[in-house]
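Asks: From Swiss-Prot, for reference:
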type	residues	note
SIGNAL	1-21	signal peptide
DISULFID	CYS28-CYS45	disulfide bond
DISULFID	CYS128-CYS147	disulfide bond
CARBOHYD	ASN148	N-linked glycosylation site
BINDING	ASP170, ASP194, ASP198	Ca(2+) binding site
CARBOHYD	ASN178	N-linked glycosylation site
ACT_SITE	ARG250	active site
CARBOHYD	ASN293	N-linked glycosylation site
DISULFID	CYS306-CYS312	disulfide bond
Amino acid sequence: MASPCLVAVLVFLCAIVSCYSDNPIDSCWRGDSNWDQNRMKLADCVVGFGSSTMGGKGGEIYTVTSSEDNPVNPTPGTLRYGATREKALWIIFSQNMNIKLQMPLYVAGYKTIDGRGADVHLGNGGPCLFMRKASHVILHGLHIHGCNTSVLGDVLVSESIGVEPVHAQDGDAITMRNVTNAWIDHNSLSDCSDGLIDVTLGSTGITISNNHFFNHHKVMLLGHDDTYDDDKSMKVTVAFNQFGPNAGQRMPRARYGLVHVANNNYDQWNIYAIGGSSNPTILSEGNSFTAPNESYKKEVTKRIGCETTSACANWVWRSTRDAFTNGAYFVSSGKAEDTNIYNSNEAFKVENGNAAPQLTQNAGVVA
């Protein structure tokens, strides 16, 4: 008969394996103790609408050795130097770093910023990350907090574009404008001046997964404004994230487009959890919603810009296999949408909502 200690160890290991195997992204790489010997395997693990994202896979490893920042003429070894190169790069960090950027950091296409193995903090009172007309970008394993507004100033956008005057920015943690194929995974985001993630101006093919969003009011905006109908082609997957504590609203807030919100865990909200305007399609599947204690805050959803309930009755907002606690409820509308929204490369298994707390227990930066 096995000893009690051995049984306890086996139970513990089985719990870990179960956690990884149920979360398709984590099971793809976290079970390999030698992941640091093949960092680029991470690019094979993305699911959902961003599943084609390559990041810097196939390129060189670039190591950040300095936390210094020069917005116009960055030096080799700094994060800005690597992020603005034209070629594919897999960016890693030589040591723990606190980086306060002087101006927004423009991230060029075919880049992975991989914080695994180091404790990397961005923001710290400065502006943060910006992507414009970029494709194939992966951001993984970063603490992004305290992002602040920036003033008008010159910034190196990329090697090919060069230095441009950049308008003042709002203080978002991550801004994506006209971006295709991007994956934001296992980051911890909080306490910024405006939003934590903005996906706008025709961006599509985006997966936002395994992140921890907390201590912030306006979390995630998908879609530019109600007049920008190019965002009708937007497709975003929001999966395996932990929202809260102290997350106010916009988890996400969508305009136009198609958003699949799957296996996320919501630890209350201040105004609403999922909202939108301009007739977005929102498919909520297998999420766990715990409502605030106030009786007037129980509804998960908020339709914005509808003078009457009938005005947005045809918007397709569906709840499937979600779990509701403390009086939370989801107001569905529209005709049932075809649930086969993914191709074979994008599709992933979605568990019932009562499994979401386990699936998200390792959300955020993994130590």
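Any Cβ shown, glycine's included, is placed from N, Cα and C.
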Asks: Taking only the Cα atoms, work out how far ARG250 (active site) lies from CYS28 (disulfide bond), in Å, as a whole number.
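Replies: On Cα coordinates alone, these residues lie 29 Å apart.
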Asks: Counting across all protein chains present, how many other Cβ atoms fall within 10 Å of the Cβ of the residue listed as 'active site'?
Replies: 28
Asks: How many other Cβ atoms are found within 10 Å of the Cβ atom of CYS128 (disulfide bond), counting all protein chains shown?
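Replies: Step by step: centre on the Cβ of CYS128 (disulfide bond), count other Cβ atoms within 10 Å, giving 28.
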Asks: Out of the recorded positions listed (CYS28, CYS45, ASN178, ASN293, CYS306, CYS312), which are within 10 Å of ASP170 (Ca(2+) binding site), Cα to Cα?
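Replies: Checking Cα-Cα distances against ASP170 (Ca(2+) binding site), none of the recorded positions falls within 10 Å.
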Asks: Quick one: Cα separation, CYS147 (disulfide bond) versus ASN293 (N-linked glycosylation site), in Å?
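Replies: Distance (Cα to Cα, whole Å): 30 Å.
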Asks: Across all chains shown, how many C-beta atoms besides its own are within 10 angstroms of the C-beta of ASN148 (N-linked glycosylation site)?
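Replies: The Cβ of ASN148 (N-linked glycosylation site) has 18 Cβ neighbours within 10 Å.
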Asks: If you count other C-beta atoms within 10 angstroms, which of the disulfide-bonded residues CYS45, CYS147 is the most crowded?
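Replies: Per the Cβ count, the most surrounded site is CYS147.
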Asks: Looking only at DSSP and grouping its letters into three states, which state does ASP198 (Ca(2+) binding site) belong to?
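Replies: SS state of ASP198 (Ca(2+) binding site) = strand.
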Asks: Round to the nearest Å and give the CA-to-CA distance linking ASN293 (N-linked glycosylation site) with ASN178 (N-linked glycosylation site).
Replies: 39
Asks: Out of ASN178, ASN293, which of these glycosylation sites shows the lowest number of other CB atoms within 10 Å of its CB?
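Replies: Across ASN178, ASN293, these glycosylation sites, the one with fewest Cβ atoms within 10 Å is ASN293.
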Asks: Of the recorded positions CYS28, CYS128, ASN148, CYS312, which one sits closest to ASP194 (Ca(2+) binding site) when you measure Cα to Cα?
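Replies: Nearest by Cα distance to ASP194 (Ca(2+) binding site): ASN148.
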Asks: Where the distance is taken from Cα to Cα, which of the recorded positions ASN148, ASP198, CYS312 turns out closest to CYS28 (disulfide bond)?
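Replies: So, spelling it out, the nearest of the recorded positions is ASP198.
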